[in-house]
Amino acid sequence: MNLVMDVGNTKSALGVYEEEELLSHWTIETNVGKTTDEYIALVHQLFQLRGIDASEVHDILISSVVPQLDQRLTLVCQSYFNLTPMFVGPGIKTGLNILYDNPKEVGSDRIANAVAGIAYYGAPLIIIDFGTATTFCYITKNNQYAGGAIAPGMSISMNALSQHAAKLPDIDTFKAPNVLAKNTVHAMQSGFLYGMVGQVEGMVSRIKEEMGADLKVIATGELAALVKKETTAITIVDEWLTLKGLQLIYRKNRNT
């Protein structure tokens with residue numbers, strides 16, 4: 001077995017794999033305030049609850065967009081699993097040709113999404129990841145990571161609005177009953193959800209026009225399914241796209 005970890009700014013996903021089979025997975029809050037010991041205790045609890053023997057994990061691959069946690073995660077892996085993890089970054093084989101001006105600027109989660117998108121759905125394609133940021137990536141038919149766009153995510157937009165508008169409340173769900181609302185909470189839900197739907201439709205249309213091609217659109221992230229219900233711009237939602245990509249990257253790099 002091997003463990004893959006997708007460490008995001010807000011949430012992190014962990015998956016235990018046996019070759020291509022995802023045996024178990026968890027989603028936890030990313031907390032830069034947690035100590036190494038606290039993360040060890042959390043991982044121990046997760047594995048115990050699922051009855052997974054940590055000694056059967058033989059390799060670990062981590063995608064992290066939170067650099068201040070990397071050293072702690074390394075210590076967690078060394079202390080709990082007696083393993084030093086690999087990190088997606090320079091020196092890791094992905095099979096992608098990244099056409100960014102500076103390829104190091106592309107987040108490791110976006111790289112994992114691209115690898116999985118190509119393998120499971122075929123290129124060319126657009127990948128949308130609804131996370132702390134909403135990211136759009138374009139992959140060419142030659143498996144080239146040709147570019148993308150980054151926008152504020154729905155949750156961070158909601159938090160910013162609540163913090164800077166004194167009379168607007170916090171809301172904990174984005175599902176809107178109607179486009180035209182008759183109270184403040186529903187009005188905010190409508191603005192966030194249908195505003196995001198409009199953004200997705202507009203960005204997908206512009207990318208297709210710029211590339212001159214009709215493209216599959218794969219979406220992932222916590223809010224992907226909610227947005228897909230409101231638009232035909234998204235072809236497929238794959239909740240575990242990033243973990244799938246990390247497992248594919250791991251298999252390209254194991255024993256290296």
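From the backbone N, Cα and C atoms, a Cβ is placed for every residue, glycine too.
In TrEMBL, annotation is done automatically, which means it is predicted and not curated.
THR132 is the only one of THR132, THR134, THR135, THR140 that TrEMBL places in the ATP site (with ASP6, VAL7, GLY8, ASN9, THR10, LYS11, SER12, ALA13). One way to see the shell of the ATP site is to take the Cβ centroid of ASP6, VAL7, GLY8, ASN9, THR10, LYS11, SER12, ALA13, THR132; the remaining same-chain residues with a Cβ within 8 Å of it are THR30, VAL65, VAL66, ASP109, GLY131. Cα of THR132 (ATP binding site) to Cα of TYR100 (substrate binding site): a span of 22 Å.
In the three-state DSSP assignment, the secondary structure recorded for SER108 (substrate binding site) is helix.
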